Each structure stands twice: as C-alpha cells, then as structure tokens.
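> Sharing a structure below in structure tokens format, with a few things to ask.
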Amino acid sequence: MHGLLLYLTGIEGHLLYFELRYKNKSVRILTTVLSFTFWFIYLGIVTYGVSTAIESVLGLPVWLCVVIVSTCSMLYTAIGGIKAVIWTDVIQYFIMITSVLAVLIQGSLKVGGGLKVLQINSEGKRLDIWNFSLDPTLRYTLWSCVIGNTAKVFWFPLSQSSVQRIGCMPSMKDAYKMFYIVAPLMILTFLMAGSMGLVAYAYFVHVRCDPLESKFINNPNQILPILVSEIFQDTPGMTGLFIAGLFCATLSTVSSGFAVISSMTLQDIIKAKWKNLSEKRSTVASKLTVLVVSVLTIGMALLLAKIKGTLLKLAMLVMTIPTGPYVGIMLYSIFCTSATPAGAIVGGIVSLLFYLWMSIGNIVVNPPNVEKILTPAPQDLCFRNQTQAYNASSVYLNMTNPAPAALEGFNKIYGMSFIWFDLIAIVLVIVIGLITSRIVGAPKEEDVDARYVLDFTEQFVPYLPQKVKFFLSCRSTIPKRRKQIKAEEREDNKEKLVEVPLEEKGRNNDNVS
C-alpha cells in the first residue's frame, strides 16, 4: 500500500513521504524515531530467540550465539548490500522450509500420524478456535485473532523492508506480482510454524514427559530444540539441518533489518544533512552503519534476555510498541485528506504513551489470567531428572492448574490481551489526529496534493459501483484527481519518447551534410 504509493510517486526515501505530504519535517522525525526503535527491538528479539534454541542443543552460552549471529549477518550485509540480502533470503527460505518439513514429518510419524497429532491437540484443547468470548483478558479468542491480528498485518506492506523490495521491481506490474507470490508463502510459513507447536505438544503427550513441567528445561523457548534432539536422536545430521534452518531464518531477518536501518540512516539522517554526499562516501557510511547496528543488536539481545516469558509474548509486547503508532500515523496520512502535522504528532505521541503504559504494566504486573491456562503434557515417564521421583498421584496433581485470581484495580486493564494493543493504538492515532486537525484547522481537500494520498474505497473495495464508492468516500475527489495526474504523466512520457528520435534524426542529418 505505502510501498506502492512511493513507487508511483518516485520517492526514494521511505520516510521522505511524510515531509512531502505535510511540507515540513516534524512528522518525518517522529516516524524515523519510531521506525528505528522497532528495528532495534526486533533485531534483538530475533537474535536472542535463536540463541536460546542453539544453547539448548549445542550447549553454547547465549552471549556467544548472539555475537556469532550478529557478526555473520553484519559481514555479508556490509559486503554485498541489498542484492546479497535478497538472494540469501531466497536460499535461506528454502533451507528453513526444508528443516521445518523434516520436523513436522518425523514428529508426526513418532506420534502415529497427522490425524493422531490433531486428535491429541483436540483433547488437550489446543484447537479450541471457536471461542466467541468478548472477554478482552483472554489472549486467544476468535475475535482477538481475526480482528487484532488484522491490525498487525498492516505493518508488512508499510515497513521499510517491503518498500526496499518494491523499489527493486522494474515495473508496477512486477511489484503486484511479488505481493501475489509473497502472500501465500507468508500464510504457509505461519501455518507451518503453528503446526510445529501442535506436533511438539502431541509428541510430549505421547511420550508422557513434559520438559517444562519436569524441570528439564526452564525456558519455554527451548521446547522445540528439545523436540528435535529427541525425534532425530537416531538420524545423524538432522539436528544439524534444524540448526541450519534456525540460522537461516535468523540471518535472513537480521540481514534485512541491517539493510533497512542502513538505508534509513543514509536517506533520513546523513543525506538530509549532507545533500551532496558522493556515491563512494555514501557506500562507506552505509557499511559503517551496518557495523554499528550489529553492535547495538548484540546489546539489545542481551538486554531482552533479562525479560522472562515466552518469545511470542516478548515479541508481541515489546517489539510492537512503536509499530502501532507508526502504522496509525501512516494510515492517517495516506487516507485522511484532512490530516495535519499537528494531528499526526499528537495522535502518534498519545498512542505511543498508551502502548508503553499497557506493555510495561503487562510485563511488570503479569496478570494471572492474561491467557487461558492450558493443561500441560503428562510427566509420569520422565527419567531425565534423577534427583526427583515421580508417581501417578503427583502427575495428576500437577496437571490440575489452580483457577486464576480475580483481577482488581489497574490489573483489569493490564490483563487485556496484547493482541488488541495494535488495533487500539491505530484507532487512537486516527481519532485523536482527526480531532486535533479539526481544532487547529484542517486543509481543504483541493489544497491536498493528490499524489500523496489514496482513497480508501479504491484500495479496499475497488469492485463496487462508482456511485457507491463516491458515497462511501464522502464525495472525495482524490480518485478523479489521481487519474488526471496519471494521464498527464503518460502524456509527458509520450512527448519525451517522440522528441528523442527527432533530435537524433537531426544530428544524423547534420553528420551527413
């Protein structure tokens, strides 16, 4: 959406859009800070996540794994640039998918087949997706997963990594083709990741030994590596394939993040101050930026290691603090013709403060019923921990979780599922932004540059009748004006194509004479 808009308008800098949209730099500075914050947190989480997995399999300390991953990504990103990042992403994706498929197939065979996996998960209430509860403190309900996660999906087409890849396409048609290919692959990747969780639970129920409940591991992020080491204990090389898949997934993500931050630093900070910077110095600046970012990523990963909880919760709470306000500002700027710089800034700051308040409260207070308590796998056949004996009575006592205590005071607010945070943050930006614009004075629609705004109905319901879309868009003239601009640009391009041969013909005649 945003990337396609930048492609159409020929904007090179990702956040330069805000400066052109509002004719000042204030919103651009705010979104630059939000974007940098997201990427540093994101890279830290990804690096820390793979390091905990490698620690459980290879026994290497987390800090050493963090340094290795960050250094490897830094080297080939700095040397090869965006082309190296894209091509390695393609190769690494296939290695990652191969390793995931191997785990899914072998894990299912160990349990008794795919149907057995589904049966065990159904009995363990892992497939209870038809939960229509409106309780916002339940982490996973049908409403939170569909509505809440839809708000999160907006980040993908609006992020700098997507914009970079769109900018590499030779034409708009190719850019759309890329999205048509990427969307199914993303859905497939998420489905496979979820399926690995189902296989892991089914396997540990089948062998009647929960590694978390038996205290064999204390970090829930290490469950999958333990699963792999068990199901492939008689197959040499397969654990290595899984580690290779983990490394590929991480290197792909981290290198993309390094390229994004390097690009943003060059376009939005360095070239904004030194406009006549030579190509050679720009390249050196980009490489130095990648080096600095890799060091900061190591520090961020080690800092995030101090926060307890699953990697999913950590990612959802911490990583998305800047994304909600950022996406809200982006949607507000693209679709609201009455948007003003004051509205974007006030809405963005209020949304950011809300997100910080809720996330910190959720992490510190850790409300007891923030998620639906699930029955763990049995552990009566665990013999790993030789210092502790298990019997049938202790097993069933451990499988019965106490009812969570009732939330009181602010804990009721902190108990809200973090899946809703993005949606609330986006709505806050748009609503407060529109109110602020109304107070300070919104611009007239005819004064807004139609190149930098889109009509909501044209993007999301393009097949409706024209009269219906005109009514739903509050009689906006933006679609008509954008068509006029495109027509004028096509005419200009035709004139240029006609002029060039005539000039060449004149030069040829002069040479003959």
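Backbone N, Cα and C atoms are what each Cβ position is placed from, and that goes for glycine too.
Quick caveat, the model's predicted, so the values are computed rather than measured.
Grabbed the feature section from TrEMBL, which reads as follows:
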COMPBIAS  485-513  compositional bias 'Basic and acidic residues'
REGION    483-513  region 'Disordered'
TRANSMEM  29-51  transmembrane segment
TRANSMEM  57-78  transmembrane segment
TRANSMEM  90-109  transmembrane segment
TRANSMEM  179-204  transmembrane segment
TRANSMEM  241-263  transmembrane segment
TRANSMEM  284-305  transmembrane segment
TRANSMEM  311-335  transmembrane segment
TRANSMEM  342-365  transmembrane segment
TRANSMEM  413-435  transmembrane segment
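If you look at the structure here, what lies around each of the features I listed?
Sequence-distant contacts of the transmembrane segment (57-78), counting only residues of its own chain at least 6 positions beyond either end whose CB sits under 8 Å from a CB of the stretch, comprise 47-48, 50-51, 84-85, 88, 225, 228-229, 239, 242-243, 247, 250-251, 254-255, 258-259, 262, 286-287, 290-291, 293-295, 297-298, 301-302, 305.
Listed as Cβ neighbours of the transmembrane segment (90-109) (distance under 8 Å, sequence separation of 6 or more from its ends, same chain) are residues 116-117, 185, 189, 192-193, 195-196, 199-200, 202-203, 224, 227-228, 231-232, 235, 238, 241-242, 244-246, 248-249, 251-252.
Non-local neighbours of the transmembrane segment (179-204) in the same chain are 93, 97, 100-101, 103-104, 107-108, 110-111, 116-118, 120-121, 124, 126-127, 156-157, 210-211, 223-224, 227, 230-231, 377; each lies 6+ residues outside the stretch with a CB under 8 Å from one of its CB atoms.
Taking Cβ pairs closer than 8 Å, the transmembrane segment (284-305) reaches residues 40-41, 43-45, 47-48, 51-52, 62-63, 66-67, 70-71, 73-74, 77-78, 81, 254, 257-259, 261-263, 265-266, 270, 277, 314, 318 in its own chain, all 6 or more past its ends.
Sequence-remote contacts of a segment are chain residues at least 6 beyond its ends whose Cβ falls under 8 Å from one of its Cβ atoms, and for the transmembrane segment (342-365) they are 18, 22, 26-27, 30-31, 34, 307, 309, 317-318, 320-322, 324-326, 328-329, 332-333, 410-411, 413-416, 418, 421, 424-426, 428-437, 440.
Beyond its flanks by at least six residues, the transmembrane segment (413-435) meets 136-141, 144-145, 147-152, 154, 313, 316-317, 320, 323-325, 327-329, 331-332, 336, 338-340, 343-344, 346-348, 350-352, 354-355, 358-359, 361-362, 365, 367, 369-371, 407 of its own chain at Cβ-Cβ distances under 8 Å.
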